[in-house]
Amino acid sequence: MNLDFSQCFGDKGDIENITEADIISTVEFDHTGDFLATGDKGGRVVLFERNQSKKKQSCEYKFFTEFQSHDAEFDYLKSLEIEEKINKIKWLKSANDSLCLLSTNDKTIKLWKIQERQIKLVSENNLNGLNHLPSSNIGIESLKLPQLQLHDKLISAQPKKIYANAHAYHINSISVNSDQETYLSADDLRINLWNLGIADQSFNIVDIKPANMEELTEVITSAEFHPLQCNLFMYSSSKGTIKLSDMRSNSLCDSHAKIFEEYLDPSSHNFFTEITSSISDVKFSHDGRYIASRDYMTVKIWDLAMENKPIKTIDVHEHLRERLCDTYENDAIFDKFEVQFGGDNKSVMTGSYNNQFVIYPNAVNTGNDDKPKFKSAFKNSSKRSKKNGFSTRTTDDDDDDDDDDDDEEADDEFDEEVPATKNSPGSQLEDDDEQEEIILQADKSAFKSKKSGQHPMRRRMTSGVGSNLGREFDDVDFKKSILHLSWHPRENSVAIAATNNLYIFSTL
């Protein structure tokens, strides 16, 4: 996979001059990939649409609309200020030309309907201008029939439903069910089930609040519905466990159907492992077979058929293990990184520091076949040369025309199967701990790479000790963290939130 920098939205100023309200707090592609939504700490939602005027084999977006989703409020009963920050955005599938999405801050969820309306005005009449009186020289021959002509297009965003007063604690997750009729919302101690058409009633399906709050040992950190089976959902905890529940078993799903938990040697426990083991995000693969979980140090891939241990553990922040004291002092250890599955259901993506994000191709590798094959989900837009046991891009501008012709022959990015060789990224690795990683940077260096024609990404194999991410840097800038990202559902394009900027990288 060769990802190229495509475009960037937002002010390119220094990080010290950034307004807090402009920092992006969530980013999400819709189900088609034609629209992209971002939410920020100022309570605003900004929508981008695919630029259809560009050539077919490109991934560029343009501004569509912006609206204020949430405002700061004050809870007078608890004497608490409720921030306007957008925690999550989730798209609904639309049956017509309108767009629908859910947005939430710490307490209130809103269902928005975005429509593009055409404004028509009367273009001809029989009045004499400002006096609005019939013209004095009017005759039968000069009478004009009123005509409506298109004057302008107006994009309106209206809150159709407001789901409030159901959470006593901060909402960290919302997830739309595959039936497109219900969704769940999760806070620190409870998960509620909503019907999209009913705003004043929800059902509590998980409640881990103890009778005595002094006995509280864990909180809910993330929750998501299964992408195909509407009765299944999962939620993660600060103890590093993932629980899969079936709503058919009981109205209150406190008894989980499965629990995904890895045994850890008690002798290795310390003050920091209690914090770093907390799961910040969980995602189902698109086919519902696998789960990707992200904690501060690792990404873990779980098979739904195996609960006792993950099928792969990727050490993302191994280079920070000796610096956990520093991360604790500056609160970086509490950063909540997201994780995303690619459209091939095998590759995963997550963020790190220094404005870096990492893609792990074929992180899910079943190796069932004698001659393993991998789906070419990541088509190349340039020639490759073999170097150091894996493929690297050769920057040759003369090949661009040939590459465009090759791209047009492909009907579906996820259909072509390529035989895997020993050194190819899709082959079954001899060492289970080995994993290819692709590192990219979402900052000004992306502009320089695009201008110079150099490829912005670095590719390497990690073995045993995990990721080498950040080893080249003496200093880690903890202020430049990539927490929020989204993967295009049908293409090899990703959207990255870097403080107040939105970066688009694509293979197209």
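From the backbone N, Cα and C atoms, a Cβ is placed for every residue, glycine too.
Among the features that Swiss-Prot reports, repeat 'WD 1' is placed at 19-58. The repeat 'WD 2' annotation in Swiss-Prot covers 81-122. Marked as repeat 'WD 3' by Swiss-Prot: 166-204. Marked as repeat 'WD 4' by Swiss-Prot: 215-255. Here Swiss-Prot flags 274-312 as repeat 'WD 5'. Per Swiss-Prot, repeat 'WD 6' is recorded for 329-370. Look at Swiss-Prot and you will find 369-466 tagged as region 'Disordered'. The compositional bias 'Acidic residues' annotation in Swiss-Prot covers 396-418. If you look up Swiss-Prot, you'll see 447-461 marked as compositional bias 'Basic residues'. For 477-507, the entry in Swiss-Prot reads repeat 'WD 7'.
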Problem - Per-state residue totals over the repeat 'WD 5' (274-312) - DSSP helix, strand, coil - result: 3 helix, 16 strand, 20 coil
Practice task
For the repeat 'WD 3' (166-204), provide the mean pLDDT of the predicted model.
Solution key: 96
Completion exercise
Most Cβ pairs under 8 Å to the repeat 'WD 6' (329-370), of 19-58, 166-204, 215-255, 274-312, 477-507, goes to 477-507
Exercise for the section: Could you tell me how many residues in the repeat 'WD 6' (329-370) are helical, how many are strand and how many are coil under DSSP? Expected result: 4 helix, 12 strand, 26 coil
